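Marked as domain 'THIF-type NAD/FAD binding fold' by TrEMBL: 9-417. Residues annotated as SUMO1 cross-link in TrEMBL: LYS165, LYS237, LYS416. Annotated active site, glycyl thioester intermediate per TrEMBL: CYS174, in sequence order. TrEMBL lists LYS191, LYS258, LYS624 with the feature SUMO cross-link. Sequence annotations record features per position, and here TrEMBL assigns region 'Disordered' to 204-234, 544-643. As annotated by TrEMBL, domain 'Ubiquitin/SUMO-activating enzyme ubiquitin-like' applies to 448-535. The domain 'SUMO-activating enzyme subunit 2 C-terminal' annotation in TrEMBL covers 545-638. Summarising the annotation, TrEMBL assigns compositional bias 'Acidic residues' to 582-595, 632-643. Look at TrEMBL and you will find 614-628 tagged as compositional bias 'Basic and acidic residues'.
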Amino acid sequence: MVQLVGSLRKELADSVSDCNVLVVGAGGIGCELLKNLVLTGFKNIEVIDLDTIDVSNLNRQFLFQKKHVGKSKAQVAKESVLQFCPTANIKAYHDSIMNPDYNVEFFRNFMLVMNALDNRAARNHVNRMCLAADIPLIESGTAGYLGQVTVIKKGLTECYECQPKPTQKTFPGCTIRNTPSEPIHCIVWAKYLFNQLFGEEDADQEVSPDTADPELSWNPADTEARATASDQDGDIKRVSTKDWARSTGYDSVKLFNKVLFKDDIQYLLTMDKLWKKRKAPLPLDWLELQKLGTILEVTGTGLKDQHVLGVAGYSQLFSRSVETLRSMLADKGDGAELVWDKDDPAAMDFVTAAANLRMHIFSMNMKSRFDIKSMAGNIIPAIATTNAVIAGLIVLEALKILSGDVEQCRTIFLNKQPNPRKKLLVPCALDPPSANCYVCASKPEVTVKLNVNKTLVLALQDKILKEKFGMVAPDVQIEDGKGTILISSEEGETEANNSKFLSDFGIRNGSRLQVDDFLQDYTLLVNVIHCEELEKDVEFEVVGDAPDKAPTPPSSQEEQKNFANGNKDSAEPSTSSNAPAEQDDVLIVDSDEEPSSSTMDVSTESGGLKRKLHDAETGEASAKRQRLDQATADDDDDIIALD
């Protein structure tokens with residue numbers, strides 16, 4: 001058995017040996033954390049992770065080997081860690097932490113919970129479960145060279161949801177379909193195309209030209225007659241992109257010319273208004289490109305994935321990937337669908353080729369497969385040493401808690417470079433709970449602005465309560481004096497209400513909804529404000545919840561960096577669900593002291609320096625908080641907070 005002996009005083013060593021801890025996540029941080037825990041003397045550990053091991057994990061998740069690929073991360077991590085300490089009592093769950101089996105009573109079995117997660121939904125859930133169980137939670141995250149650790153304790157500190165998080169960047173459909181101006185627009189379009197052709201079709205992910213583009217003031221019928229993108233190719237009628245593709249047998253030439261890179265582009269050119277102040281796109285022709293087939297221009301150095309091919313090379317890659325994906329679909333049988341996966345070579349080849357061809361059409365510099373994979377999957381290159389440092393800091397904060405010194409716990413930031421005082425690690429005092437938090441306040445309450453005549457009960461349940469407010473199984477009662485049950489978590493009990501509008505139940509301006517999630521032991525009062533006209537494509541607004549954006553940074557600051565949030569590999573499958581990993585906010589403070597982040601605020605009005613860090617997928621900058629109460633001599637010291 002290998003572990004630290006004698007480095008902890010006896011009382012603390014006994015506490016470490018006896019306490020039960022829960023580790024949520026067995027990925028980049030989780031592997032390092034489990035190893036640290038047993039070497040420190042923790043004997044009673046439970047670990048939960050929904051994921052299985054992928055080849056791409058092996059370069060940084062050192063509890064796994066090639067022979068483990070395809071197996072449960074939690075189970076293999078347990079077996080590997082037991083080699084360090086065979087007498088440890090470790091229990092592994094290959095499951096989602098959001099499974100109702102892991103209720104408040106489950107969480108009360110532990111003295112400490114440690115998060116090593118990669119998505120916001122699971123973090124929100126664990127945060128609420130720890131608040132309900134009144135168990136200390138140690139939250140962590142890394143992104144490249146950056147990292148942070150913080151402690152959450154009910155009644156003493158801010159909870160994970162005390163500060164509003166910026167929503168993930170989205171793009172207007174007309175930009176994606178008609179007027180892409182950045183590589184990410186083409187990459188999103190290519191991912192939409194993958195789903196339209198081979199996966200689950202989504203009306204919100206259409207790839208054909210958008211005739212409802214607000215920039216247009218033309219007659220679609222006249223333009224239709226002028227366009228060359230009609231059904232001249234045989235007697236094919238395009239009922240949907242997938243149906244049309246199937247009717248051609250997924251003929252890559254027809255897909256290339258008719259749907260994607262020639263006829264649809266010619267159709268876009270007929271939308272005259274779009275090209276008054278923009279450079280018009282240039283259609284591609286399959287036959288002309290094949291004449292260049294032997295001239296496969298390659299630029300870039302290094303690994304093959306970092307090369308950029310010429311347009312002829314990408315046309316051939318497009319053809320090969322379509323054929324491979326067609327075969328994969330056929331092997332699955334009738335009605336089957338493929339699921340986008342950044343680690344599937346054929347899917348990645350398809351998106352790389354389609355996105356680059358579209359970039360060329362719209363006069364953008366094409367990108368390497370490596371770059372496109374990074375943007376398509378919200379990937380931050382994972383740094384094994386960052387995970388190791390953060391995992392070590394988690395254990396140090398855990399020792400403070402077990403010593404009864406919660407007041408000595410800190411939020412600790414790991415920076416990319418030492419600040420002027422030669423520090424890579426900068427501690428900040430923990431903030432007290434926010435009085436306005438809709439999760440940990442004594443009586444959580446929010447106000448939602450929506451159109452009661454257009455909002456369906458199903459939208460209230462799925463988009464507002466589950467997606468926005470992070471509930472798992474909400475029950476909703478209208479405060480109308482009758483106790484009307486609008487939504488029940490019991491299957492089928494209120495299913496008939498889903499297709500009705502809120503106004504059908506007497507909900508109007510000023511109505512109040514009592515919402516309960518018994519799994520999370522969480523109650524929320526929702527005040528409804530009726531609004532006839534919201535902004536375009538906005539279904540609802542949470543009043544007072546939108547984070548402000550930081551001003552554009554001075555040009556003298558260092559080049560902006562692209563990164564997404566996560567515990568390691570933001571785009572890997574979620575530990576808690578099959579939802580895609582989500583970009584969280586990045587917070588920056590200029591300080592070398594030990595500030596309290598309660599002195600930080602989100603502001604567009606303040607004049608202090610703020611550095612904007614770009615969203616890895618969108619290239620847009622995330623909102624930041626800055627400490628405003630004092631200016632120090634070390635203005636350029638950066639503290640970067642990752643959720």
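Cβ atoms here come from the backbone N, Cα and C positions, even for glycine.
These numbers come from a predicted model, not from an experiment.
Within 10 Å of its Cβ, the residue among the recorded sites LYS165, LYS191, LYS258, LYS416 with the fewest other Cβ atoms is LYS416. Assigned with DSSP, the residues of the domain 'Ubiquitin/SUMO-activating enzyme ubiquitin-like' (448-535) fall into helix, strand and coil as follows: 19 helix, 27 strand, 42 coil. Cβ-based neighbour count (10 Å, all protein chains) for CYS174 (active site, glycyl thioester intermediate) stands at 17.
Counting only the Cα atoms, the space from LYS165 (SUMO1 cross-link) to LYS258 (SUMO cross-link) is about 42 angstrom.
Among the recorded positions CYS174, LYS258, LYS416, the residue whose Cα lies closest in space to that of LYS191 (SUMO cross-link) is CYS174. Cα of LYS258 (SUMO cross-link) to Cα of LYS416 (SUMO1 cross-link): a distance of 48 Å. Taking CA atoms as the reference points, LYS416 (SUMO1 cross-link) and CYS174 (active site, glycyl thioester intermediate) are 38 Å apart.
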